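Comments concern the structure below.
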């Protein structure tokens, strides 16, 4: 079940907790997340104003403004746009209720604990999205997140920045390669599916023509071997474009442009065997699939909430 579990208001300069919800669960996972809360609190001044930390089954999101950070813990499948809309509501209410002088001069932890009442009410509303009266305003937040997605904090970055490098240093060396190998892409669009099918079609056409060229080479003394190579290279390029469209890999965009360049070179070499419409079709499909690969980026955020 997707839901908000807890939230805190923290002063950025020193990590002093100003207010928080008081209904933490006592599970092992939740206790671990409380440690991450404390670690993030010490580093808020060094982080961007909108961040996400993924901790397995839970996500920690926060925003910072005017020296105060608003942090929340939710399940990993809680919609990203709702999470940051929730934080935005906390921020607006806190700024309206307390002036900067009070927050800057606060000495005791949780000196604004009465703000917990608003946190609890808002959390209950956001844990029942159907009852939200602010649905109409979520489109603005959705657009903002797409244009400026939250910075993704890695476990290695969090660990090394807080004096606990021994726990993370071994894994950090290869963390980039491991995470990129298992990185998920954004959901496929209709245009992406069409591009995948067209690329398969071009690959099949190149493959058929390649076998015909082999037959021609066996039946005559013509020098068709280079054409065979061009057809099969074109087939491989089309299939590799399909692979790049479906799976994430390092330097994915660069590879897609190089693959498109190979498709263009193959079709230039096959100019004598194809008419202009055939050449135009193959090159256009290659360009279209390259564009779809570029548009379908890795998932850097949780699923959006439909509005």
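Note that Cβ sites are derived from N, Cα and C of the backbone, with glycine treated the same way.
Not measured: the values here are computed from a predicted model.
With respect to the membrane, residue 249 and residue 297 are annotated on the same face, judging by the topological domain names in Swiss-Prot. Scan Swiss-Prot for phosphoserine across 6, 41, 65 and the hit is 6. In summary, of the candidate residues 8, 69, 85, the record from Swiss-Prot lists phosphoserine for 8, whereas the others have no such entry there. Look at residue 6 (phosphoserine): DSSP puts it in a strand. Sequence-distant neighbours of the transmembrane segment (254-271) (same chain, 6+ residues past either end, Cβ-Cβ under 8 Å): 206, 226-227, 230-231, 233-234, 237-238, 240-241, 244, 279, 282-283, 286-287, 289-290, 293-294. Same-chain residues lying 6 or more positions outside the topological domain 'Lumenal' (209-226) and placing a CB less than 8 Å from one of its CB atoms are 232, 235, 269, 273.
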